[in-house]
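Grabbed the feature section from Swiss-Prot, which reads as follows:
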- 27-267: domain 'Deacetylase sirtuin-type' (DOMAIN)
- 53-57, 63-65, 114-117, 209-211, 235-237: NAD(+) binding site (BINDING)
- His134: active site, proton acceptor (ACT_SITE)
- Cys142, Cys145, Cys167, Cys172: Zn(2+) binding site (BINDING)
Amino acid sequence: MSLGYAEKLSYREDVGNVGMPEIFDSPELLHKKIEELAVMVRESKHLVVFTGAGISTSSGIPDFRGPKGVWTLQRSGKGVPGASLPFHRAVPTLTHMALVELEKTGRLKFVISQNVDSLHLRSGLPREKLAELHGNSFKEICPSCKKEYLRDFEIETIGLKDTPRRCSDKNCGARLKDTVLDWEDALPPEEMDAAKEQCQKADLVLCLGTSLQITPACNMPLLSLKNGGRVAIVNLQATPKDKKASLVIHGLVDKVIAGVMYMMNLRIPPYIRTDFVQISLRNSVKKKCVRWTLRVTSIHGLRAPLPFLRSVEVSFPERPDMKPVVLKEQPFSLQRETSMNRPFVMLLTFNFSDGCGCSSSSIEWPVDFLKQKDSFVRDRSLVLQELQHAAEHRSRAGQHAILEREGVPRAETSIHALVTNIVRYDTEDSKAAVPMATWMNSNGSLSKRHMDAIGCNPASSKKQKLVATRHRRKGLNPATQKV
């Protein structure tokens, strides 16, 4: 993985405590604390979540202060650690998607994040429900009109510097800036003000995966205490704010949140990633022939990268006389000269890069130079919703849909959405989720304490009973299965 953010930060000797030992509550204590947290979340009227690097480590992004964190290894002279996949392909974790569900149900009012990995926005959390205190490695902002641009590639700079792109607003056109802070940069006032306001309103601030060391952000959760609110902390290391918290849990964040969601009978939605390409075909007449140019580019501009594409195969299934080709260099472009009077079908196969949930997806493109295609713009949100429903129903990626097309004489351009990944978190074999059997007694029924804690109706627990029955048939004790 490219950890560009850590590499681009200016050098600083004092980064606080690093390499702190990890603490794990015993299974019994962890179970008890998860039950307590589930009650706190269920009873909360204004829940605010404060997140740090620890919620993203299960996606392959190293943290900063843990035993193998970025700053821990740098201090020992080992440099920036590697990771398991490209930064731009990092997938929201179980915790990210659980927060999306909590927001949809109305329980979660706001998220305050110190992370720059864009996983909260990538997960589907509404922008208006999120404050990114340290910026976003995939976001640019116009300093003039304040319009934000969320990209599918990592921005080249940090430190609120100019980027190569300009605002697309015809009445503006100002040079864009990155949004990621360097050490000496002040926190963005808009994000800070929103975060402070939400913490003051909160009756519960849940801190997830953060050491609560970076000021002034680390003091925000405590603002809830002034109005009678409470603070709960889930982290593998001790934090300076533990003594002020009503509940401190030492455990893996995904495991804790999976348990909370299960106890509240809430489903963790799948993560479905959709990427976009722009396809254009321009032509010029040369006697009885047509010279045409095909381009596959980013919707963010002709020079912007397409990080999710490794190559594009162009073939002509109905025309054996037309030679297929594999485009390997970005920007993807192909020039050909063909007869004006012979229409053909172009098959574009997009070969995806590492980290995608499938290897490729194909789009048919009918070409007839004697006919001008019509222009249209479809309802983007509706199309994406239908596309994601189809991906979830089929449990696989690769689906695609056209969002808009512009047809003019001698040219046509269209934008397509492609599902490039789908990850489920609610299956029994999910490594991060807590098996349902963990919360059952040896006879397969839910513990009375669990039902009392969440107001669960035993008649609605058919799935839990089926799981327990399967375990008994296999000769396993549901109460002793490994988490």
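Glycine too: its Cβ is placed from the backbone N, Cα and C atoms.
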What's the number of neighbouring CB atoms sitting within 10 A of the CB on Asn115 (NAD(+) binding site)?
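Result for Asn115 (NAD(+) binding site): 25 other Cβ atoms within 10 Å.
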Within 10 angstroms of the C-beta of Gly209 (NAD(+) binding site), what count of other C-beta atoms is obtained when all protein chains are considered?
27
Where does Gly209 (NAD(+) binding site) sit in DSSP terms: helix, strand, or coil?
coil
Near the Zn(2+) site, what residues other than Cys142, Cys145, Cys167, Cys172 in the same chain have a C-beta no further than 8 Å from the centroid of the listed C-beta atoms?
Pro143, Ser144, Lys146, Lys147, Ser168, Asp169, Gly173, Ala174, Leu176
Roughly how many Å lie between the Cα atoms of Cys145 (Zn(2+) binding site) and the residue listed as 'active site, proton acceptor', rounded to a whole value?
20
Of His134, Cys142, Cys167, Cys172, which recorded positions come within 10 Å of Asn115 (NAD(+) binding site), going by C-alpha to C-alpha distance?
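Near Asn115 (NAD(+) binding site), where near means Cα within 10 Å, the recorded positions are His134.
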So which recorded positions are near Asn235 (NAD(+) binding site), with CA atoms within 10 Å, out of His134, Cys142, Cys167, Cys172?
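Hits: none.
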Counting all other Cβ atoms within 10 Å across every protein chain shown, which of the binding-site residues Cys142, Cys145 scores highest?
Cys142
Can you tell me how many other Cβ atoms are located within 10 Å of the Cβ belonging to Cys167 (Zn(2+) binding site)?
20
